[in-house]
Amino acid sequence: MEQLDTARQHVEVGRYQLAFNAYKTSLIALKEELKQDSDGERTKQLIELVRIVEKEYETLQMLINESKNIPMLPQTPETPSDPMVWATPKPNKITMSRITKPPVPTQKKATGTRSAPRKTYGSTSSAPKSINDTPKAGIRRINSQPRLADVSYNSVLTENKDSDVENGEKVFDSSMYDRELVQLVERSVIQRNPNVTWNDISGLENTKKTLTEAALLPQIFPTYFKGIRRPWKGVCLFGPPGTGKTMLAKAVATECKSTFFAVSASTFASKWRGDGEKLVRLLFEMARFHAPSTIFIDELDTLCSKRGSDSEHEASKRMKGELLVQIDGMGDEDDRSVLLLAATNCPWELDEAFRRRLEKRIYVGLPDKATRLILLKNCLCNVKLGEDVKLDELAAKTEGYSGADITNLCRDAALQPMRECLDNLEDYKAAGEQLSASFLEEKPIKMSHFNSAMKRVKSSCSPDTIKKYKEWERLFGAV
């Protein structure tokens, strides 16, 4: 394709009109060759080449249009110079060579700070101050196209690559967003398997069934969950601290094997105006692209508190508005499954609009006696217990304890034999015994150790708070 190489050479030296005609001729020749070609593989390669040449052709058209819009300065008539007066400066001539190449932006270093200041609140856009100042939108459009000299006819015919596929995997098109924002959202994706299964969570059987119905079954029976049976878009887990809400989210990430985004208030916090809304939209667009996926927001009340207060910042209002729009529009594009899973300790702080969008609101309360007994057995399965330890009696004594409180209680009691040995260290030395890890592990945990641990580890949930949770469940719960 000599005509195509000639067109690119014309562009390099700034002869845009000649390049325009050469590109037009090349496109006609390529399309004629495409009609006559019968080889399937070569046809795909020719289609790819036509697409690239058309992009170069459009880029050249933009350059020609921008060059026509540059005003030419009028020539001033020559006037006799006065030796006593300084001569006026000569106007610079504007030639086509000044726009031969679009400005190439410098690559930003992957650091935690921005390399250039961004526009802040109150600033207004203005026209370029000089001819070399090209509008930012124009720079982005021009630079988003491939360089004309970097693409050859033979390379396209030999390498047929899909722009959306990299190493066999789909690649999200992030050209519309700042690289730092994209990297921030990508860091929220859970890469490693949390290795938490439903069996690792004691009790909460109804909650497990609801999460299975919302996250797992739509992947197994996608044709069944259509129309009125569409999957739940939002699930909110509320309850006192330490009852397993985050543990349930980890189990969802493990069992469903879908793309799992774990975000919090800090994910959307930015000092730059408008970045919070952009991050929200980018998060949901990436979730839809990698669907089926799950977005987990921990401590939801810090993000979705009630609107309308005088102390609320404008940036918080805009971010909440964008979040509401994205949640409500998650199931409208190609039925791509995105589940919003949230956890909060203060459900009464949620805004009504968010409460409506979280269709399932499940109370994760304190464990009952049977669940506490299972928790005790799971926590103490790898330690040696004394003959006087009665787990049934211990489960009855821990009424009002959360799952985290019971874990802390067992940990404190398990360390009690080591503390006793350290207190009697001199006696062991006198007897010629040496303390070691194996020696300490042989010391059993007695019931007295649990009794002393209960004096130090108290319940973290007050009865008044539990009543408040149950009242909110009675008013707004949706299991």
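All positions are counted from 1 along the displayed chain.
Just so you know, glycine gets a Cβ as well, placed from its N, Cα and C.
Unlike curated records, TrEMBL annotations are generated automatically.
Some features that TrEMBL has for this protein:
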- 95-144: region 'Disordered' (REGION)
- 121-133: compositional bias 'Polar residues' (COMPBIAS)
- 231-368: domain 'AAA+ ATPase' (DOMAIN)
- Gly239, Pro240, Pro241, Gly242, Thr243, Gly244, Lys245, Thr246: ATP binding site (BINDING)
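Features as recorded by TrEMBL, highlighted on the structure.
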residue : record           : Cβ within 10 Å
Gly239  : ATP binding site : 25
Pro240  : ATP binding site : 22
Pro241  : ATP binding site : 14
Gly242  : ATP binding site : 22
Thr243  : ATP binding site : 27
Gly244  : ATP binding site : 25
Lys245  : ATP binding site : 24
Thr246  : ATP binding site : 18
Starting from the Cβ centroid of Gly239, Pro240, Pro241, Gly242, Thr243, Gly244, Lys245, Thr246, the recorded ATP site, name every other residue in that chain with its Cβ within 8 Å, sequence order please.
-> Ala343, Asn345, Val364, Ser402, Gly403, Ala404
Please spell out the DSSP helix, strand and coil residue counts for the domain 'AAA+ ATPase' (231-368).
-> 58 helix, 29 strand, 51 coil
